[in-house]
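Asks: Next up is a structure, given as C-alpha coordinates.
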Amino acid sequence: MEGVGGLWPWVLGLLSLPGVILGAPLASSCAGACGTSFPDGLTPEGTQASGDKDIPAINQGLILEETPESSFLIEGDIIRPSPFRLLSATSNKWPMGGSGVVEVPFLLSSKYDEPSRQVILEALAEFERSTCIRFVTYQDQRDFISIIPMYGCFSSVGRSGGMQVVSLAPTCLQKGRGIVLHELMHVLGFWHEHTRADRDRYIRVNWNEILPGFEINFIKSQSSNMLTPYDYSSVMHYGRLAFSRRGLPTITPLWAPSVHIGQRWNLSASDITRVLKLYGCSPSGPRPRGRGSHAHSTGRSPAPASLSLQRLLEALSAESRSPDPSGSSAGGQPVPAGPGESPHGWESPALKKLSAEASARQPQTLASSPRSRPGAGAPGVAQEQSWLAGVSTKPTVPSSEAGIQPVPVQGSPALPGGCVPRNHFKGMSED
(Lines of atoms letter the chains of each structure in order from A; the text may use other names.)
(Lines give C-alpha, C1' and ligand atoms only; values in the text may rest on other atoms or scores of the structure.)
Protein backbone atom coordinates (compact mmCIF):
# COMPACT_ATOMS: atom_id res chain seq x y z
CA MET A 1 0.00 0.00 0.00
CA GLU A 2 3.01 2.33 0.31
CA GLY A 3 3.28 2.60 -3.48
CA VAL A 4 -0.39 3.46 -3.76
CA GLY A 5 -0.19 6.07 -1.01
CA GLY A 6 2.76 7.75 -2.68
CA LEU A 7 0.94 7.79 -6.00
CA TRP A 8 -2.15 9.66 -4.90
CA PRO A 9 -0.61 13.16 -4.76
CA TRP A 10 0.34 12.68 -8.41
CA VAL A 11 -3.13 11.45 -9.32
CA LEU A 12 -4.86 14.29 -7.50
CA GLY A 13 -2.52 16.70 -9.21
CA LEU A 14 -3.47 15.24 -12.57
CA LEU A 15 -7.18 15.57 -11.85
CA SER A 16 -6.76 19.18 -10.72
CA LEU A 17 -5.11 20.35 -13.92
CA PRO A 18 -7.04 23.06 -15.82
CA GLY A 19 -7.69 20.66 -18.66
CA VAL A 20 -9.52 18.35 -16.28
CA ILE A 21 -11.39 20.79 -14.06
CA LEU A 22 -12.57 22.86 -16.99
CA GLY A 23 -13.86 19.82 -18.82
CA ALA A 24 -11.32 20.28 -21.62
CA PRO A 25 -8.51 18.05 -22.85
CA LEU A 26 -4.92 18.76 -22.07
CA ALA A 27 -3.64 21.38 -24.47
CA SER A 28 -0.87 19.17 -25.75
CA SER A 29 -3.24 16.37 -26.70
CA CYS A 30 -6.16 18.25 -28.23
CA ALA A 31 -6.06 21.70 -29.83
CA GLY A 32 -9.42 23.17 -30.76
CA ALA A 33 -12.30 20.75 -31.21
CA CYS A 34 -11.34 17.16 -30.65
CA GLY A 35 -12.19 15.19 -33.75
CA THR A 36 -12.20 11.51 -34.52
CA SER A 37 -8.81 11.30 -36.23
CA PHE A 38 -6.25 8.95 -34.74
CA PRO A 39 -3.58 10.85 -32.76
CA ASP A 40 -0.06 10.98 -34.11
CA GLY A 41 2.46 8.63 -32.59
CA LEU A 42 0.07 5.79 -31.76
CA THR A 43 0.85 2.48 -33.37
CA PRO A 44 -1.40 -0.54 -33.77
CA GLU A 45 -1.08 -3.38 -31.29
CA GLY A 46 0.01 -6.48 -33.12
CA THR A 47 -1.83 -6.72 -36.43
CA GLN A 48 -4.85 -4.67 -35.34
CA ALA A 49 -5.80 -1.70 -37.47
CA SER A 50 -5.67 1.53 -35.49
CA GLY A 51 -9.44 2.01 -35.69
CA ASP A 52 -9.98 -1.45 -34.22
CA LYS A 53 -7.97 -0.89 -31.05
CA ASP A 54 -9.84 -1.69 -27.86
CA ILE A 55 -9.51 -0.06 -24.45
CA PRO A 56 -6.34 -1.88 -23.24
CA ALA A 57 -4.41 -0.96 -26.40
CA ILE A 58 -5.60 2.66 -26.31
CA ASN A 59 -4.71 3.07 -22.63
CA GLN A 60 -1.43 1.20 -22.72
CA GLY A 61 0.51 4.45 -23.07
CA LEU A 62 -0.96 5.67 -19.77
CA ILE A 63 0.61 2.79 -17.84
CA LEU A 64 4.32 2.85 -17.07
CA GLU A 65 5.83 -0.36 -18.39
CA GLU A 66 8.50 -0.29 -15.68
CA THR A 67 5.98 -0.14 -12.80
CA PRO A 68 2.47 -0.86 -14.14
CA GLU A 69 1.34 -1.84 -10.65
CA SER A 70 1.79 1.82 -9.64
CA SER A 71 -0.45 3.18 -12.39
CA PHE A 72 -3.44 5.34 -11.47
CA LEU A 73 -5.47 2.85 -13.55
CA ILE A 74 -6.35 -0.73 -12.61
CA GLU A 75 -7.75 -3.38 -14.94
CA GLY A 76 -6.77 -1.12 -17.82
CA ASP A 77 -9.41 1.63 -17.57
CA ILE A 78 -10.58 2.01 -13.95
CA ILE A 79 -9.33 4.90 -11.81
CA ARG A 80 -7.75 3.28 -8.78
CA PRO A 81 -9.98 3.63 -5.72
CA SER A 82 -8.34 4.58 -2.45
CA PRO A 83 -7.43 3.15 -0.06
CA PHE A 84 -8.95 -0.20 -1.03
CA ARG A 85 -8.93 -1.69 -4.52
CA LEU A 86 -12.31 -3.41 -4.74
CA LEU A 87 -15.69 -2.44 -3.34
CA SER A 88 -19.19 -3.80 -3.66
CA ALA A 89 -21.26 -1.87 -6.18
CA THR A 90 -24.05 -1.49 -3.62
CA SER A 91 -21.90 0.88 -1.56
CA ASN A 92 -21.60 3.55 -4.25
CA LYS A 93 -24.79 3.40 -6.27
CA TRP A 94 -26.37 6.51 -7.73
CA PRO A 95 -29.52 7.44 -5.77
CA MET A 96 -33.00 6.74 -7.07
CA GLY A 97 -35.33 9.73 -7.20
CA GLY A 98 -38.97 9.94 -6.21
CA SER A 99 -40.06 9.25 -9.79
CA GLY A 100 -38.51 5.78 -9.69
CA VAL A 101 -35.62 6.60 -12.00
CA VAL A 102 -31.92 6.99 -11.28
CA GLU A 103 -30.57 10.34 -12.41
CA VAL A 104 -26.87 10.75 -13.21
CA PRO A 105 -25.97 14.41 -13.83
CA PHE A 106 -23.39 14.89 -16.57
CA LEU A 107 -21.36 17.58 -18.27
CA LEU A 108 -20.20 17.10 -21.85
CA SER A 109 -17.07 18.98 -22.84
CA SER A 110 -17.48 21.58 -25.58
CA LYS A 111 -14.20 20.33 -27.06
CA TYR A 112 -15.91 17.39 -28.78
CA ASP A 113 -16.85 17.79 -32.44
CA GLU A 114 -20.38 16.96 -33.61
CA PRO A 115 -19.76 13.31 -34.67
CA SER A 116 -18.15 12.61 -31.31
CA ARG A 117 -21.03 14.24 -29.43
CA GLN A 118 -23.48 12.14 -31.40
CA VAL A 119 -21.71 8.90 -30.43
CA ILE A 120 -21.78 9.87 -26.75
CA LEU A 121 -25.43 10.94 -26.86
CA GLU A 122 -26.35 7.66 -28.56
CA ALA A 123 -24.84 5.76 -25.62
CA LEU A 124 -26.73 7.88 -23.09
CA ALA A 125 -29.96 7.29 -25.00
CA GLU A 126 -29.39 3.51 -25.08
CA PHE A 127 -29.33 3.42 -21.28
CA GLU A 128 -32.49 5.50 -21.17
CA ARG A 129 -34.31 3.23 -23.62
CA SER A 130 -33.42 0.02 -21.83
CA THR A 131 -33.06 0.85 -18.12
CA CYS A 132 -34.20 3.22 -15.39
CA ILE A 133 -31.00 5.26 -15.74
CA ARG A 134 -31.45 8.86 -16.88
CA PHE A 135 -28.39 10.95 -17.72
CA VAL A 136 -29.51 14.51 -17.02
CA THR A 137 -27.86 17.87 -17.65
CA TYR A 138 -25.74 19.07 -14.74
CA GLN A 139 -27.47 21.80 -12.72
CA ASP A 140 -25.30 22.36 -9.65
CA GLN A 141 -25.80 18.84 -8.26
CA ARG A 142 -23.16 17.78 -5.76
CA ASP A 143 -22.27 14.52 -7.51
CA PHE A 144 -21.87 14.43 -11.28
CA ILE A 145 -19.70 13.08 -14.08
CA SER A 146 -17.64 15.22 -16.43
CA ILE A 147 -17.11 13.62 -19.85
CA ILE A 148 -13.92 15.02 -21.35
CA PRO A 149 -11.51 14.10 -24.19
CA MET A 150 -8.36 13.39 -22.22
CA TYR A 151 -5.85 10.85 -23.50
CA GLY A 152 -7.40 7.40 -23.11
CA CYS A 153 -10.69 5.80 -22.06
CA PHE A 154 -11.22 5.45 -18.31
CA SER A 155 -13.55 6.19 -15.40
CA SER A 156 -14.24 5.36 -11.77
CA VAL A 157 -16.48 2.51 -10.64
CA GLY A 158 -19.73 3.76 -9.14
CA ARG A 159 -20.51 7.14 -7.61
CA SER A 160 -17.32 8.56 -6.13
CA GLY A 161 -18.71 11.83 -4.79
CA GLY A 162 -18.30 15.33 -6.22
CA MET A 163 -17.05 15.63 -9.76
CA GLN A 164 -15.73 12.44 -11.30
CA VAL A 165 -13.94 12.30 -14.62
CA VAL A 166 -14.97 10.05 -17.50
CA SER A 167 -12.25 10.27 -20.14
CA LEU A 168 -13.29 9.50 -23.71
CA ALA A 169 -10.52 10.41 -26.13
CA PRO A 170 -11.39 10.62 -29.85
CA THR A 171 -9.86 7.17 -30.34
CA CYS A 172 -12.37 5.75 -27.86
CA LEU A 173 -15.21 6.83 -30.16
CA GLN A 174 -13.96 5.53 -33.50
CA LYS A 175 -15.72 2.17 -33.12
CA GLY A 176 -19.06 3.71 -32.19
CA ARG A 177 -20.77 3.86 -28.83
CA GLY A 178 -19.49 0.55 -27.43
CA ILE A 179 -16.58 1.95 -25.42
CA VAL A 180 -18.82 4.75 -24.14
CA LEU A 181 -21.30 2.13 -22.90
CA HIS A 182 -18.43 0.23 -21.28
CA GLU A 183 -17.20 3.27 -19.35
CA LEU A 184 -20.73 4.28 -18.32
CA MET A 185 -21.29 0.77 -16.94
CA HIS A 186 -18.25 1.43 -14.75
CA VAL A 187 -19.85 4.72 -13.67
CA LEU A 188 -22.99 2.82 -12.64
CA GLY A 189 -20.94 0.48 -10.44
CA PHE A 190 -19.88 -2.50 -12.55
CA TRP A 191 -16.47 -4.12 -12.86
CA HIS A 192 -15.09 -6.16 -15.74
CA GLU A 193 -16.60 -9.50 -16.67
CA HIS A 194 -13.24 -11.23 -17.10
CA THR A 195 -12.22 -10.40 -13.50
CA ARG A 196 -15.35 -11.81 -11.84
CA ALA A 197 -14.68 -13.95 -8.78
CA ASP A 198 -16.12 -16.97 -10.63
CA ARG A 199 -14.29 -16.34 -13.91
CA ASP A 200 -12.03 -19.43 -13.73
CA ARG A 201 -15.05 -21.60 -14.52
CA TYR A 202 -15.57 -19.82 -17.83
CA ILE A 203 -12.23 -18.46 -19.08
CA ARG A 204 -8.56 -19.35 -18.86
CA VAL A 205 -6.09 -16.52 -18.34
CA ASN A 206 -2.89 -17.27 -20.25
CA TRP A 207 -0.45 -15.63 -17.87
CA ASN A 208 2.61 -16.35 -20.04
CA GLU A 209 1.14 -14.27 -22.88
CA ILE A 210 0.53 -11.14 -20.79
CA LEU A 211 2.91 -8.21 -21.08
CA PRO A 212 5.39 -8.48 -18.19
CA GLY A 213 4.18 -6.43 -15.26
CA PHE A 214 0.63 -6.10 -16.58
CA GLU A 215 -0.65 -9.22 -14.82
CA ILE A 216 -2.31 -6.97 -12.23
CA ASN A 217 -5.01 -6.23 -14.80
CA PHE A 218 -6.18 -9.86 -14.65
CA ILE A 219 -6.45 -10.33 -10.89
CA LYS A 220 -9.88 -11.61 -9.86
CA SER A 221 -12.05 -9.10 -8.07
CA GLN A 222 -14.07 -9.71 -4.93
CA SER A 223 -16.93 -7.53 -6.10
CA SER A 224 -20.35 -9.01 -5.39
CA ASN A 225 -22.33 -7.41 -8.21
CA MET A 226 -22.29 -10.35 -10.64
CA LEU A 227 -26.09 -10.65 -10.41
CA THR A 228 -26.38 -12.65 -13.66
CA PRO A 229 -24.64 -15.67 -15.21
CA TYR A 230 -21.23 -15.16 -16.79
CA ASP A 231 -21.72 -13.42 -20.12
CA TYR A 232 -19.21 -13.76 -22.94
CA SER A 233 -21.22 -11.16 -24.89
CA SER A 234 -21.15 -8.49 -22.17
CA VAL A 235 -19.87 -5.07 -23.19
CA MET A 236 -17.79 -5.32 -19.98
CA HIS A 237 -15.73 -8.28 -21.25
CA TYR A 238 -12.25 -7.66 -22.60
CA GLY A 239 -11.14 -9.27 -25.84
CA ARG A 240 -8.79 -12.19 -26.35
CA LEU A 241 -5.70 -10.06 -26.95
CA ALA A 242 -5.98 -7.69 -23.99
CA PHE A 243 -2.43 -6.72 -22.91
CA SER A 244 -0.94 -9.40 -25.15
CA ARG A 245 2.84 -9.32 -25.38
CA ARG A 246 3.15 -11.04 -28.77
CA GLY A 247 -0.29 -11.08 -30.36
CA LEU A 248 -1.45 -14.38 -28.85
CA PRO A 249 -4.61 -14.69 -26.71
CA THR A 250 -4.41 -13.71 -23.07
CA ILE A 251 -8.03 -14.80 -22.47
CA THR A 252 -9.43 -18.13 -23.72
CA PRO A 253 -13.14 -19.00 -23.25
CA LEU A 254 -13.65 -22.50 -21.83
CA TRP A 255 -17.32 -23.19 -22.50
CA ALA A 256 -17.22 -22.07 -26.12
CA PRO A 257 -13.63 -21.78 -27.38
CA SER A 258 -14.59 -20.00 -30.62
CA VAL A 259 -17.05 -17.54 -29.10
CA HIS A 260 -16.52 -13.84 -29.76
CA ILE A 261 -15.61 -11.88 -26.63
CA GLY A 262 -15.03 -8.18 -26.16
CA GLN A 263 -17.91 -6.88 -28.29
CA ARG A 264 -18.26 -3.08 -28.37
CA TRP A 265 -21.62 -2.73 -30.15
CA ASN A 266 -24.30 -2.39 -27.50
CA LEU A 267 -25.45 -3.50 -24.05
CA SER A 268 -26.11 -7.22 -23.90
CA ALA A 269 -29.31 -8.58 -22.38
CA SER A 270 -27.45 -9.48 -19.19
CA ASP A 271 -25.85 -6.03 -19.01
CA ILE A 272 -29.35 -4.55 -18.94
CA THR A 273 -30.55 -7.12 -16.41
CA ARG A 274 -27.64 -6.30 -14.09
CA VAL A 275 -28.50 -2.62 -14.11
CA LEU A 276 -32.16 -3.35 -13.37
CA LYS A 277 -31.28 -5.76 -10.55
CA LEU A 278 -28.62 -3.58 -8.95
CA TYR A 279 -30.90 -0.55 -8.87
CA GLY A 280 -34.11 -2.52 -8.18
CA CYS A 281 -36.09 -1.06 -11.04
CA SER A 282 -37.73 -1.75 -14.39
CA PRO A 283 -36.88 0.00 -17.68
CA SER A 284 -39.55 2.65 -17.04
CA GLY A 285 -39.26 3.01 -13.27
CA PRO A 286 -39.22 1.03 -9.99
CA ARG A 287 -39.64 -2.72 -10.12
CA PRO A 288 -43.32 -3.73 -9.63
CA ARG A 289 -43.85 -5.67 -6.41
CA GLY A 290 -45.01 -9.24 -6.70
CA ARG A 291 -44.78 -9.30 -10.48
CA GLY A 292 -41.15 -10.11 -11.10
CA SER A 293 -38.57 -7.85 -12.70
CA HIS A 294 -40.60 -6.79 -15.70
CA ALA A 295 -44.26 -5.79 -15.83
CA HIS A 296 -46.26 -6.73 -18.90
CA SER A 297 -48.25 -4.26 -20.93
CA THR A 298 -51.72 -3.43 -19.64
CA GLY A 299 -53.02 -2.47 -23.04
CA ARG A 300 -52.91 1.25 -22.28
CA SER A 301 -51.07 3.75 -24.44
CA PRO A 302 -47.39 4.02 -23.58
CA ALA A 303 -46.30 7.02 -21.56
CA PRO A 304 -44.54 9.83 -23.43
CA ALA A 305 -40.79 9.69 -23.59
CA SER A 306 -39.06 11.49 -20.75
CA LEU A 307 -37.82 15.03 -21.32
CA SER A 308 -34.19 14.00 -21.08
CA LEU A 309 -34.64 11.32 -23.74
CA GLN A 310 -36.56 13.75 -25.94
CA ARG A 311 -33.70 16.23 -25.72
CA LEU A 312 -31.17 13.59 -26.68
CA LEU A 313 -33.27 12.42 -29.60
CA GLU A 314 -33.89 15.97 -30.80
CA ALA A 315 -30.16 16.61 -30.78
CA LEU A 316 -29.41 13.43 -32.70
CA SER A 317 -32.22 13.99 -35.21
CA ALA A 318 -31.08 17.53 -35.88
CA GLU A 319 -27.54 16.35 -36.51
CA SER A 320 -28.71 13.56 -38.80
CA ARG A 321 -30.65 16.09 -40.92
CA SER A 322 -27.74 18.52 -41.11
CA PRO A 323 -25.34 17.83 -44.03
CA ASP A 324 -22.51 19.72 -42.37
CA PRO A 325 -22.92 19.99 -38.62
CA SER A 326 -20.77 22.58 -36.95
CA GLY A 327 -20.61 24.72 -33.86
CA SER A 328 -21.10 23.80 -30.26
CA SER A 329 -24.84 23.19 -30.27
CA ALA A 330 -26.99 20.22 -31.24
CA GLY A 331 -30.64 20.36 -32.20
CA GLY A 332 -30.90 24.02 -31.16
CA GLN A 333 -29.83 23.12 -27.65
CA PRO A 334 -26.39 24.26 -26.47
CA VAL A 335 -24.06 21.43 -25.61
CA PRO A 336 -22.99 21.92 -21.99
CA ALA A 337 -19.37 22.82 -21.53
CA GLY A 338 -17.06 21.51 -18.85
CA PRO A 339 -17.69 21.87 -15.15
CA GLY A 340 -16.06 25.32 -15.04
CA GLU A 341 -15.48 26.67 -11.57
CA SER A 342 -16.83 23.58 -9.89
CA PRO A 343 -16.91 23.85 -6.08
CA HIS A 344 -16.73 20.09 -5.79
CA GLY A 345 -13.49 18.17 -5.78
CA TRP A 346 -12.54 14.56 -6.06
CA GLU A 347 -13.68 12.33 -3.19
CA SER A 348 -12.94 8.66 -2.55
CA PRO A 349 -15.79 6.09 -2.54
CA ALA A 350 -17.32 5.14 0.79
CA LEU A 351 -16.24 1.82 2.24
CA LYS A 352 -18.95 -0.78 2.79
CA LYS A 353 -19.00 -4.50 3.51
CA LEU A 354 -19.18 -6.81 0.53
CA SER A 355 -22.50 -8.61 0.10
CA ALA A 356 -22.71 -12.33 -0.62
CA GLU A 357 -21.62 -13.35 -4.10
CA ALA A 358 -24.23 -14.47 -6.59
CA SER A 359 -24.20 -18.19 -7.36
CA ALA A 360 -22.39 -19.08 -10.58
CA ARG A 361 -24.43 -20.21 -13.55
CA GLN A 362 -23.77 -21.05 -17.17
CA PRO A 363 -22.27 -18.24 -19.24
CA GLN A 364 -24.05 -16.43 -22.02
CA THR A 365 -22.50 -16.10 -25.44
CA LEU A 366 -22.83 -13.69 -28.30
CA ALA A 367 -25.10 -16.15 -30.08
CA SER A 368 -27.42 -16.52 -27.09
CA SER A 369 -27.74 -12.82 -26.37
CA PRO A 370 -30.58 -11.24 -28.36
CA ARG A 371 -29.14 -7.74 -28.07
CA SER A 372 -25.52 -8.47 -28.89
CA ARG A 373 -26.04 -10.88 -31.77
CA PRO A 374 -25.28 -9.20 -35.13
CA GLY A 375 -28.53 -8.25 -36.85
CA ALA A 376 -30.58 -8.80 -33.69
CA GLY A 377 -34.03 -7.29 -33.45
CA ALA A 378 -33.48 -5.39 -30.21
CA PRO A 379 -32.73 -1.68 -30.62
CA GLY A 380 -28.99 -1.52 -31.03
CA VAL A 381 -26.54 -0.58 -33.72
CA ALA A 382 -28.55 -2.34 -36.41
CA GLN A 383 -31.61 -0.18 -35.71
CA GLU A 384 -29.81 3.08 -35.20
CA GLN A 385 -31.54 4.89 -38.05
CA SER A 386 -35.01 3.63 -37.10
CA TRP A 387 -35.00 5.10 -33.60
CA LEU A 388 -33.50 8.34 -34.88
CA ALA A 389 -36.41 8.71 -37.29
CA GLY A 390 -39.12 7.73 -34.81
CA VAL A 391 -38.22 6.13 -31.53
CA SER A 392 -40.69 3.86 -29.78
CA THR A 393 -41.39 4.98 -26.24
CA LYS A 394 -42.01 1.41 -25.07
CA PRO A 395 -38.79 0.21 -23.41
CA THR A 396 -37.06 -2.94 -24.52
CA VAL A 397 -37.30 -5.77 -22.00
CA PRO A 398 -34.29 -8.10 -21.90
CA SER A 399 -34.86 -11.78 -22.40
CA SER A 400 -35.22 -14.11 -19.43
CA GLU A 401 -32.12 -15.80 -18.09
CA ALA A 402 -33.87 -19.17 -17.89
CA GLY A 403 -32.94 -21.70 -20.53
CA ILE A 404 -30.00 -19.75 -21.96
CA GLN A 405 -27.34 -22.16 -23.17
CA PRO A 406 -23.83 -21.22 -24.28
CA VAL A 407 -23.60 -21.62 -28.04
CA PRO A 408 -20.22 -20.98 -29.63
CA VAL A 409 -19.98 -18.43 -32.40
CA GLN A 410 -17.93 -19.73 -35.31
CA GLY A 411 -15.35 -17.20 -36.30
CA SER A 412 -15.65 -13.47 -35.89
CA PRO A 413 -19.18 -12.23 -36.60
CA ALA A 414 -19.82 -9.31 -38.89
CA LEU A 415 -20.77 -5.98 -37.42
CA PRO A 416 -24.51 -5.52 -36.94
CA GLY A 417 -26.60 -3.84 -39.58
CA GLY A 418 -23.82 -3.80 -42.15
CA CYS A 419 -21.69 -1.38 -40.16
CA VAL A 420 -18.14 -1.03 -41.40
CA PRO A 421 -15.25 -0.89 -38.91
CA ARG A 422 -13.43 2.44 -38.69
CA ASN A 423 -16.16 4.18 -40.70
CA HIS A 424 -18.72 4.98 -38.04
CA PHE A 425 -18.60 8.73 -38.52
CA LYS A 426 -19.81 10.84 -41.40
CA GLY A 427 -17.02 11.91 -43.66
CA MET A 428 -14.43 9.43 -42.44
CA SER A 429 -12.47 7.85 -45.24
CA GLU A 430 -11.56 4.19 -45.41
CA ASP A 431 -7.89 3.48 -44.99
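We number each residue from 1, going along the chain as drawn.
Note: Cβ is positioned from N, Cα and C throughout, glycine not excepted.
Feature annotation from Swiss-Prot assigns Zn(2+) binding site to H182, H186, H192; the stated evidence is sequence analysis. The compositional bias 'Polar residues' annotation in Swiss-Prot covers 319-328, 361-371. Residues or ranges marked as disulfide bond in Swiss-Prot: C132-C281, C153-C172. Swiss-Prot lists 283-304, 317-431 with the feature region 'Disordered'.
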Asks: In which DSSP state, out of helix, strand and coil, do we find H186 (Zn(2+) binding site)?
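Replies: Note: H186 (Zn(2+) binding site) is helical by DSSP.
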Asks: For C132, C153, C172, C281, listed as disulfide-bonded residues, tell me which one has the smallest number of other Cβ atoms within 10 Å.
Replies: C281
Asks: Give me the CA-CA distance between H182 (Zn(2+) binding site) and C153 (disulfide bond), in Å, as a whole number.
Replies: 10
Asks: By the DSSP assignment reduced to helix, strand and coil, which category contains H192 (Zn(2+) binding site)?
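Replies: In three-state terms, H192 (Zn(2+) binding site) counts as coil.
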Asks: Using only C-alpha positions, which one of C132, C153, C172, C281 is spatially nearest H186 (Zn(2+) binding site)? These are the disulfide-bonded residues in the record.
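Replies: Closest candidate to H186 (Zn(2+) binding site), judged by Cα separation, is C153.
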Asks: Sort the recorded positions C132, H192, C281 by C-alpha distance from C153 (disulfide bond) and give me just the closest.
Replies: H192
Asks: Spatially speaking, which of the disulfide-bonded residues C132, C172, C281 is closest to H192 (Zn(2+) binding site)? Use C-alpha to C-alpha, please.
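Replies: If we rank C132, C172, C281 by Cα distance to H192 (Zn(2+) binding site), first place goes to C172.
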Asks: Ten-angstrom check, please: count other Cβ atoms within 10 Å of the Cβ of H182 (Zn(2+) binding site), all chains counted.
Replies: 28
Asks: Least buried of the binding-site residues H186, H192, going by other Cβ atoms within 10 Å?
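Replies: Counting other Cβ atoms within 10 Å of each of the binding-site residues H186, H192, the minimum falls on H186.
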Asks: What is the interatomic distance between the Cα atoms of C132 (disulfide bond) and C172 (disulfide bond), given in whole Å?
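Replies: Cα-Cα, rounded: 25 Å.
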